[in-house]
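In what follows, a structure is listed as structure tokens, so that the remarks can point back to it.
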Ligand SMILES: O=c1ccn([C@@H]2O[C@H](COP(=O)(O)OP(=O)(O)O[C@H]3O[C@H](CO)[C@@H](O)[C@H](O)[C@H]3O)[C@@H](O)[C@H]2O)c(=O)[nH]1
Ligand SMILES: [Mn+2]
């Protein structure tokens with residue numbers, strides 16, 4: 001039996017025993033399983049073996065040496081990277097080549113008559129993107145890695161025309177509305193006009209960011225030609241991938257495991273991928289499941305790569321049907337697929353076994369295999385934990401190939417500290433990854449968002465690594481796509497209108513907003529730096545000009561920096577010198593404002609916190625791990641940077657990393673970057689890059705929308721409100737419009753609620769919000785109606801959105817508006833006025849996908865009251881109106897028509913809600929009925945009292961009585 005040492009905080013050490021099946025031959029000594037504790041602990045360095053964190057398999061079939069080597073050796077965690085190491089030996093080669101390529105490209109561009117196809121009204125917002133589709137270049141590898149496709153002018157120009165027309169019509173409409181008050185229903189008229197003005201304003205904010213939509217096309221083959229030259233190691237950049245998970249009960253480990261497997265099997269050089277899993281729940285279940293996953297990955301990854309399968313998340317892969325007869329699949333594949341399926345099934349059984357075991361927590365908490373208690377037993381009060389499950393040196397898959405790294409991280413939690421939910425978790429991962437792998441790019445995904453297109457990372461790299469435009473890009477956002485949504489998408493979970501229309505529009509301005517998952521970042525952009533200033537036109541040779549001019553060649557700067565790093569390859573103590581030198585260089589080269597002022601170490605510490613290793617890593621724009629630090633200190637450092645107090649008095653969450661202060665940390669984080677002048681890019685590969693799950697029952701969906709809206713309200717009331725924040729910085733006006741739209745939309749719930757109540761009031765009182773309509777007025781109304789429909793239709797056309805998706809979106813806009821958004825508004829106000837904290841209710845991700853039983857699941861929530869009440873009073877209104885008309889004869893049908901139309905508009909929008917309420921059993925839960933009838937009847941009675949419509953009052957109650965049982 002082998003025992004492994006556990007690094008414990010507060011000076012003690014414990015030993016963890018792993019099962020006896022451990023292959024002892026592969027391990028020479030005690031190996032720590034899990035690193036945790038606080039920074040002050042010096043225990044690590046006292047034990048030589050503790051310097052080695054093994055990527056181990058807890059059920060222990062194999063133990064592998066750790067990529068972080070012994071302290072006596074210079075720290076060298078990865079094999080030579082040709083791009084970086086070339087820089088060390090002869091800096092000239094790469095940079096020179098790039099310059100040549102750039103020069104040639106520009107020459108070619110000059111020769112070309114640049115055709116601007118279609119819709120240049122919006123034109124090219126940022127000058128130097130490669131816009132020309134077909135430069136006849138000789139070498140495919142030198143061509144741009146992507147190009148922008150404008151929407152054909154035949155589609156976009158009519159769209160713009162209609163928008164302008166709609167503005168004119170709106171103007172006429174308001175002129176009429178304001179000059180024609182309704183004398184006998186002044187209140188109704190005023191309310192409706194105020195609502196309409198609000199709708200018009202919010203329409204403007206929503207509409208204009210869609211003025212110039214673009215889509216983009218990537219060229220993966222060119223990326224490959226450029227950076228993966230034959231016979232040479234790949235020059236693609238490293239990527240650290242972050243997976244966040246918090247509650248293994250709501251986020252089943254099998255789902256997280258699938259996401260992790262899809263990451264480990266991604267089509268990218270293995271030594272350039274590191275997967276970090278953040279466990280905010282400090283759950284031993286997650287830990288154990290990950291351990292199983294790393295073992296299963298050794299079979300899964302080679303299989304997935306060998307047969308080039310898609311998607312590389314086994315659950316979803318095996319859910320696909322393969323027609324063995326149709327596609328002439330080869331026998332080896334069939335055999336191996338079958339075997340793999342069996343293996344996966346066994347894996348699932350093991351995971352489910354773990355889940356079953358985790359259902360009942362033992363009284364004394366969880367115990368690890370050696371009998372020591374699991375450090376995360378108290379979820380709110382536990383040390384930081386790090387475990388490297390897979391590393392690169394020595395960890396092999398069953399075919400003997402290397403695997404990407406897999407690292408479990410659970411940041412320290414102590415009572416009395418604000419952990420900042422997901423944003424805090426992401427920031428902790430950012431620091432750990434900076435110390436362990438420090439890739440220049442990061443990808444973050446929710447635990448349920450697996451990689452559906454194994455080339456997704458390459459897609460992102462086409463933008464990020466593009467020599468001309470890449471440097472300005474802070475992130476590449478992919479649309480969120482979903483599995484397991486009912487065919488009708490009843491609650492508009494797919495969000496197609498947002499992902500296929502709004503986001504494409506934003507891509508034509510300054511880039512899509514960040515949506516929290518499926519997004520590849522430039523690490524430097526997350527560090528709160530400004531975007532690089534626009535390059536000077538090439539042609540000037542840098543060689544003959546003073547050094548400060550060299551900012552036109554970022555690559556040179558970096559290589560220089562590498563060089564200086566290389567030389568000072570000593571140890572941590574010498575690192576302060578590195579900063580000084582780095583900073584001098586930065587200062588001279590003046591690449592960005594913040595770094596340009598000589599930034600002494602103290603200043604850096606104030607910004608990033610007190611970790612010399614981390615500070616050093618931030619200065620390496622090209623990534624890579626600072627040399628000269630011992631692995632002991634790195635290990636200590638990694639645990640140190642995930643400690644609770646680390647962010648105290650730093651800029652984390654304020655200017656650096658994921659930004660705090662809102663449960664929708666995503667909007668805020670992206671917003672900050674755009675304010676720093678960065679541009680983002682929207683990438684929609686043909687095969688969706690990522691797929692996730694969405695809440696499919698009504699209550700969960702409403703709660704999700706509530707959280708989003710609450711996040712927006714939080715931003716609205718914060719200093720980061722886009723209405724006031726960040727003028728005079730890099731944020732473009734139309735981009736600002738969109739951010740304003742994304743934080744004010746919950747306010748629309750108030751006028752929306754009023755507007756949905758109006759038709760019922762009108763029907764009950766026999767009054768209306770418009771006076772007797774003239775011909776002119778009806779013309780305007782019809783024109784407005786048509787222009788609204790036309791913008792919708794044209795939008796659907798250029799966005800390739802179906803009418804069904806569009807309609808669902810409209811419906812859910814009303815449903816969510818009158819329930820979730822309104823509650824969010826009040827919760828947000830409570831937070832501002834009374835300091836009541838908001839919490840992040842995680843949505844449950846269903847582990848089994850069959851049958852949509854979830855769809856019909858009914859969970860009571862007060863969110864259901866307002867839409868239900870609206871529905872009831874409008875139905876009552878319609879009945880009263882009709883019976884009234886029947887009583888009063890033919891004449892009263894004319895005026896009734898407008899009111900009925902208005903009420904039916906509300907009812908059809910709320911229809912999916914009604915269906916959701918019915919559940920499967922066609923029965924509305926009693927509590928909802930009671931509440932809604934109560935509200936609706938109080939309301940109706942009030943109206944009966946208030947106005948002399950009393951003759952029909954009896955009918956109100958009668959109808960109600962008939963209707964409601
Ligand atoms: O304290 C927390 C709370 C949540 N999460 C993670 O945050 C992610 C998103 O949670 P989920 O409940 O799935 O929220 P959704 O509404 O589905 O998520 C969308 O909206 C969120 C903002 O509200 C974004 O953070 C997400 O990336 C985006 O997919 C999950 O991976 C969680 O594990 C944490 O890591 N720590
Ligand atoms: Mn989710």
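For all residues, glycine too, the Cβ spot is worked out from N, Cα and C.
TrEMBL does not curate its annotations; it predicts them automatically.
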Record says 244, 250, 251, 280 bind UDP-alpha-D-glucose. Source is TrEMBL. Which of 421, 455, 471 does it list for that same site?
421
Identify, among the binding-site residues 250, 421, 422, the residue whose Cβ has the fewest other Cβ atoms within 10 Å in this structure.
250
All-chain count of other Cβ atoms within 10 Å of residue 666 (active site)
24
Once near-sequence residues are set aside, which residues in the chain of residue 280 (UDP-alpha-D-glucose binding site), 6 or more away, have Cβ atoms under 8 Å from its Cβ?
244, 245, 246, 410, 411, 419, 421, 422, 425
Find the member of 814-834, 855-876, 896-914 that has more C-beta pairs under 8 Å to the transmembrane segment (743-764) than any other listed stretch.
814-834
Pop the Cα-Cα gap between residue 446 (Mn(2+) binding site) and residue 250 (UDP-alpha-D-glucose binding site) into the table, whole Å please.
13
Where ligand 1 binds, which of the binding-site residues 250, 421, 422, 446 are close by, with Cβ under 6 Å?
421, 422, 446
Give the subset of the binding-site residues 244, 250, 251, 280, 422, 446 lying near ligand 2, defined as CB under 6 A from any of its atoms.
446
244, 250, 251, 280, 421 excluded, remaining Cβ within 8 Å of their centroid (UDP-alpha-D-glucose):
245, 246, 247, 281, 422, 425, 447, 840, 842
Let's check the environment of residue 251 (UDP-alpha-D-glucose binding site): how many other CB atoms sit within 10 Å of its CB?
25
List, in sequence order, the same-chain residues at least six positions removed whose CB sits under 8 Å from that of residue 446 (Mn(2+) binding site)?
243, 244, 516, 517, 692
Considering each pair of residues in 244, 250, 251, 280, 421, all listed as binding UDP-alpha-D-glucose, report the largest CA to CA distance in Å, no decimals.
16
